[in-house]
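Asks: Sending over a structure as structure tokens; questions will come in a sec.
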Amino acid sequence: MKTNLLDFNLDQLTQHFAEMGEKPFRAKQVMRWMHQMAEDDFDAMTDLAKSLRAKLHERAEVRVPSLMTGQASSDGTRKWLLDVGTGNGVETVFIPEDDRGTLCVSSQVGCALECTFCSTGRQGFNRNLSTAEIIGQLWWANKAMGVTPKNERVVSNVVMMGMGEPLANFDNVVSAMQIMLDDHGYGLSRRRVTLSTSGLVPQMDRLREECPVALAVSLHAPNDAIRDVIVPINKKYPLSELMAACRRYLEKAPRDFITFEYVMLDGVNDRPEHARQLLELVRDVPCKFNLIPFNPFPNSGYDRSSNNAIRIFREILQEQGYVVTVRKTRGDDIDAACGQLAGQVQDKTRRQAKWTQIIEDRKS
């Protein structure tokens, strides 16, 4: 079986080329061709020796996930469903804005964490994505939008906020992010790559040491009682441990704050007393807040908070000097908004069946 070179960051690719008897600069050349030119044909890599190209044809390949479907939203958001084999597909979303273009990247086929308000979590879990399948989403987006080094960069920011919990696939996610950051890869700054986690505390500490990028934490609740229900990983890593991990992370983070993401669920976590509890929770953690209006999906069991409830919640936080943004819902007409990514998951956890039974019980 041929080796997929997209699975390697620069250090790994250099080692692979050394084992082939090639010099380190060859790895950098191939890295630039693969990632900066979105090239998957070795014959097109014209500054490589013919003998090396022949060797690569024999032993290696540049294999990205193939496109299953693509959709464009009325607001310019684009969503691609990419085939990762055995009946599974993952979704990646490009969100254009005036001053940036953000790509939302998936890290797993489904998700094992079972956050109750998230469509991805309802789909169950199949497996982790490989490095090639993760970085292949950025590769595919650049290819689809005709990007080369001569063009203005279209994807200026990457957020690891698609399907899956990134820190549950630590090694492959970090390797992919290293390619994003590498000057021979995509050359993004650490401030422009954001990883979002539900709060896997040991892996947060590893990330701080190995690849400290901007960090967002899917908080969604001001106390353990609520978070235990809607973000069940909280039972393993409660809020006191999570806040301590956030403080440690800031020692090496590229930004001097954590972004706390908070989905607004009507009657669940959106009352003024919840906002005041939230202020008490984060008092020792430099942070900003991103309030996310809930994006409904069939049989979710939740409703979106009213605009008035969101406004009051936001103002309570702002009065204490915090920066608070309310996420603009983008791509909801193509199910590309936050919490709506479901992909195509051959569930190994039987969670789809469990939720189907719960929904049927509600109806009866």
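Heads up, residue numbers simply count up from 1 along the chain you see.
Cβ atoms here come from the backbone N, Cα and C positions, even for glycine.
OK, Swiss-Prot features for this one:
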type	residues	note
ACT_SITE	Glu91	active site, proton acceptor
DOMAIN	97-333	domain 'Radical SAM core'
DISULFID	Cys104-Cys338	disulfide bond
BINDING	Cys111, Cys115, Cys118	[4Fe-4S] cluster binding site
BINDING	Gly164, Glu165, Ser196, Ser218, Leu219, His220, Asn295	S-adenosyl-L-methionine binding site
ACT_SITE	Cys338	active site, S-methylcysteine intermediate
Asks: Starting from the Cα of Cys118 ([4Fe-4S] cluster binding site), work out which of the recorded positions (Cys104, Glu165, Ser196, Ser218) are within 10 Å.
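Replies: Taking Cys104, Glu165, Ser196, Ser218 one by one, none has a Cα falling within 10 Å of Cys118 ([4Fe-4S] cluster binding site).
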Asks: What is the nearest of the binding-site residues Cys111, Cys115, Ser196, Ser218 to Glu91 (active site, proton acceptor), using the Cα of each?
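Replies: Checking each of Cys111, Cys115, Ser196, Ser218 against Glu91 (active site, proton acceptor), the shortest Cα distance is to Cys111.
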Asks: Take the C-alpha atoms of Cys115 ([4Fe-4S] cluster binding site) and Leu219 (S-adenosyl-L-methionine binding site) and report the distance between them in angstrom, rounded.
Replies: 11
Asks: State the Cα to Cα distance, in Å, between Leu219 (S-adenosyl-L-methionine binding site) and Cys104 (disulfide bond), rounded to an integer.
Replies: 19
Asks: Within 10 angstroms of the C-beta of Gly164 (S-adenosyl-L-methionine binding site), what count of other C-beta atoms is obtained when all protein chains are considered?
Replies: 29
Asks: By a simple count of other Cβ atoms within 10 Å, which of Cys111, Cys115, Cys118, Leu219, the binding-site residues in the record, is least packed?
Replies: Cys115
Asks: Any idea what the model's mean pLDDT is for the domain 'Radical SAM core' (97-333)?
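Replies: So the average pLDDT across the domain 'Radical SAM core' (97-333) works out to 93.
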